[in-house]
Amino acid sequence: AGSGQQSVTGVAAADDGNSYWRVRGRTAAACERGTPVRCGQAIRLTHLGTGRNLHSHRFTSPLSGNQEVSAFGEAGEGDYLDDWTVVCSGTYWARDSEVRFQHTSTDVFLSVTGEQYGRPIHGQKEVHGMATSSQNNYWKVMEGIFMQPSEVFKAEQYHAEL
């Protein structure tokens with residue numbers, strides 16, 4: 001069942017080496033490293049291990065029956081179904097704040113509700129898309145590499161405070 005694309009799963013360990021994703025500009029958009037991500041901005045999340053993008057489409061997820069979330073593309077290049085809108089409060093996605101990711105094309109929220117796979121990925125939780133916002137679709141960065149804001153952004157902030 002499903003699309004046959006690579007599954008995206010959730011694990012409890014925050015330092016799992018397979019849990020690292022790079023935040024990039026939306027498909028076909030330029031995004032300079034060090035540019036803060038605005039609330040409401042569309043982004044891509046590229047899996048560091050495989051180079052595939054977080055992706056969703058109108059396929060049913062195998063365990064929960066919600067919308068399938070998969071990993072798609074090669075070397076960070078996929079298609080417009082890899083774009084997610086960052087839903088947060090304030091102006092920018094802050095390092096320690098909770099955010100939601102809403103699929104730009106189908107409006108589902110990136111979610112995990114506890115359904116677990118059996119073999120060969122026993123105990124890993126199904127990540128899927130849900131139509132409604134809830135506690136099941138809040139995400140928080142637990143660890144990783146954080147970039148210093150670009151000099152242009154620092155200058156903007158300085159002028160804004162005058």
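Every residue, even glycine, has its Cβ placed from backbone N, Cα and C.
Keep in mind that this is a model prediction, so the values were computed, not measured.
Per TrEMBL, these features apply:
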| type | residues | note |
| --- | --- | --- |
| DOMAIN | 34-89 | domain 'MIR' |
| DOMAIN | 90-144 | domain 'MIR' |
Helix, strand and coil residues within the domain 'MIR' (90-144) as assigned by DSSP: 3 helix, 21 strand, 31 coil
Per-state residue totals over the domain 'MIR' (34-89) - DSSP helix, strand, coil: 3 helix, 27 strand, 26 coil
